[in-house]
Every structure is written in structure tokens, then in C-alpha cells.
Amino acid sequence: MTLIPKYTGATILLLCVLIEIGQLYPNNDFGCEECKLKENNIFSKPGAPVYQCMGCCFSRAYPTPLRSKKTMLVPKNITSEATCCVAKEVKRVIVNDVKLVNHTDCHCSTCYYHKF
């Protein structure tokens, strides 16, 4: 009977520590900035900056719907979707006789390199 209060105290302490860690987790940037425009130092020249979209977009995962799972060759329980930092609007420019696409606005959307 005297062991139950000891385990209860340890369990509550562990729960408090886990809750504290969980609250700190979303506030970290993990070394990756949000998706936004940044100047491209290679192609930019004074008076004519060239911008490109850079940064992180986070993926999401969710349980695979049963009807989708039935059509899979190798059924998977988890389905994931990746998003990339892509240009929402672009403007074509010429820098040193090289045609470039200057990004003017960015957002997180479908990764273009996955499309054919």
C-alpha cells in the first residue's frame, strides 16, 4: 500500500515533464526558416536583384483511407503529403544575356519536381 503513492508521484512528475517538452516543441524552428523570398547572390547585380523562393514547408501524414488502401499494391497504413516552397508569381528577366525567372511571391504548395 505504501508503494502506490510513490508511483503516483513519479507518474505525475513524468507527465508534467512530457507536457513541458510538448509545449516547447512547436516553438522551435529546427534551423529552417519559413518559406519566403531571398535574394540570389549569384545572379543579382547592383540595381537588378534576382529573387528566389527559399525555406521550409512541412509535410503532413494521416491514416490511409480504407478504399484507397484496397487499391494499393503494397498497402500502407500512413499516407503523407509533401509541400515545397514554390513561386506563386514570377517575372521573366534577362541578366547578362541569360533568361531568368525572378520570383515575386512564394507559398507552400505541391512539389513541382514530383510532377511529370
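Cβ atoms here come from the backbone N, Cα and C positions, even for glycine.
The disulfide partner of C57, as annotated in Swiss-Prot and taken from the candidates C108, C111, is C108. Within the set C53, C56, C84, Swiss-Prot assigns C53 as the partner of C106, by disulphide bond.
For C56, the cysteine that Swiss-Prot lists as its disulphide partner among C32, C84 is C32. C111 (disulfide bond) has a Cβ environment of 15 other Cβ atoms inside 10 Å. The CA atom of N102 (N-linked glycosylation site) is located 16 Å away from the CA atom of C35 (disulfide bond). Every protein chain considered, the tally of other Cβ atoms within 10 Å of the Cβ of N102 (N-linked glycosylation site) stands at 20.
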